[in-house]
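**Q** My questions will all concern the structure given below.
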Amino acid sequence: MFSMSEYVSGDSYEECRATADWLLSSTQVRPTVGIVCGSGLGGLAEMLKDPQVFKYSDIPNFPRSTVHGHAGQLVFGTLKGKPCVCMQGRFHLYEGYPIQKITLPMRVFKLMGVETMILTNAAGGLNQDYKVGDVMIIKDHINMPGFAGINPLAGPNDDRFGVRFPCMSDAYDRELRQLALDVASNLGYNDFLREGVYCVLGGPSFETIAECRMLHSLGADAVGMSTVHEVIVARHAGMRCFALSLISNRSVMDYDSQEKANHEEVLETGRLRAEQLEKLVSTMVARMEHNNNTY
Ligand code: HPA
């Protein structure tokens, strides 16, 4: 059995507190909203007014982002008058980080006062009705690595963050999903807005045809390599979560198809839809109420 101090996970309360305190003493911004930019969606961070930027490599305890399309910096500022922090680039299992390091920023944000997380990603469309460029509101997830015990909350539980066995049936906030539908409708985005189930895999290899067929038959509408771990840790800590997938490619489900998933296509789709995605997120933030949850 590990004691809390012997078990060095990289996301202990003390480490997160130290990182949060370092950031709080380095910026005047007191964020209540956290945003994570997915592949090709870093432009979201450029919407922040009076930005203050910290490279991950300069932040104590922070991992570094190694993926092309991810800038690797935290941006503080205001969005429609609301104080925000934005991750321009996130961390993934396939980069080789311990899973607790991938999700460390969620705990740091919580300790800085963040109440609501908005997460974005690029994903493959398993649902055959989905088109490239569609935006899917995530209503639920399938944590495939979790089935094998790869869960960011594995290990001793620190009650200062949350409970040992957190509920996940309400992981994606119902009110925020409704707000997204309302805002999208007002903006005339109904043609490309969807709501569905996101499945996370470890990557970095894309899925085989048999894997795509299996995931679809299990109830997944989109597949990717991120977001779910962050949501689990954010929910554990009592933050509201809202997440969007930009469908950057259609998953190959057919042995006669010549299509192949590739990272350039993922980035290109981000560029095409970026402006509308930014508008959707910023309008949501403008209309968002404070978190009423009591934990
Ligand atoms: N599979 C997994 N991750 C992804 C994909 C995909 O097809 N597209 C973008 N990220």
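Keep in mind that glycine also has a Cβ here, set from the backbone N, Cα and C atoms.
Bear in mind that TrEMBL entries carry predicted annotations, made automatically and left uncurated.
What TrEMBL shows for this protein is this:
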DOMAIN    32-285  domain 'Nucleoside phosphorylase'
BINDING   S39, H70, R90, F91, H92, A122, S226  phosphate binding site
BINDING   E207, N249  purine D-ribonucleoside binding site
**Q** What does the structure give for the C-alpha distance between N249 (purine D-ribonucleoside binding site) and A122 (phosphate binding site)? Integer Å is fine.
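**A** Between the alpha carbons of N249 (purine D-ribonucleoside binding site) and A122 (phosphate binding site) there are 9 Å.
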**Q** How long is the line from the C-alpha of R90 (phosphate binding site) to the C-alpha of E207 (purine D-ribonucleoside binding site), rounded to the nearest angstrom?
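**A** Cα of R90 (phosphate binding site) to Cα of E207 (purine D-ribonucleoside binding site) measures 21 Å after rounding.
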**Q** Counting Cβ atoms within 10 Å across all protein chains shown, which of the binding-site residues R90, H92 comes out on top?
**A** R90
**Q** Which binding-site residues among F91, S226, N249 have CB under 6 Å of ligand 1?
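**A** Only N249 qualify.
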**Q** For the domain 'Nucleoside phosphorylase' (32-285), provide the mean pLDDT of the predicted model.
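**A** Averaged over the domain 'Nucleoside phosphorylase' (32-285), the predicted model reaches a pLDDT of 94.
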**Q** With a 10 Å radius around each C-beta, find which of these binding-site residues (S226, N249) has the fewest other C-beta atoms nearby.
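**A** Ranked by other Cβ atoms within 10 Å, the binding-site residues S226, N249 bottom out at N249.
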**Q** Secondary structure at N249 (purine D-ribonucleoside binding site) (DSSP, helix/strand/coil)?
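**A** Assignment for N249 (purine D-ribonucleoside binding site) reads strand.
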**Q** Taking the Cβ of E207 (purine D-ribonucleoside binding site) as the centre, count every other Cβ atom within 10 Å, in any protein chain shown.
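**A** Here the count is 20.
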**Q** Between the Cα atoms of S39 (phosphate binding site) and E207 (purine D-ribonucleoside binding site), find the distance and write it as a whole number of Å.
**A** 18
**Q** What is the number of other Cβ atoms found within 10 Å of the Cβ of S39 (phosphate binding site)?
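**A** Result for S39 (phosphate binding site): 26 neighbouring Cβ atoms inside 10 Å.
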**Q** Which of the three DSSP states, helix, strand or coil, fits F91 (phosphate binding site)?
**A** coil
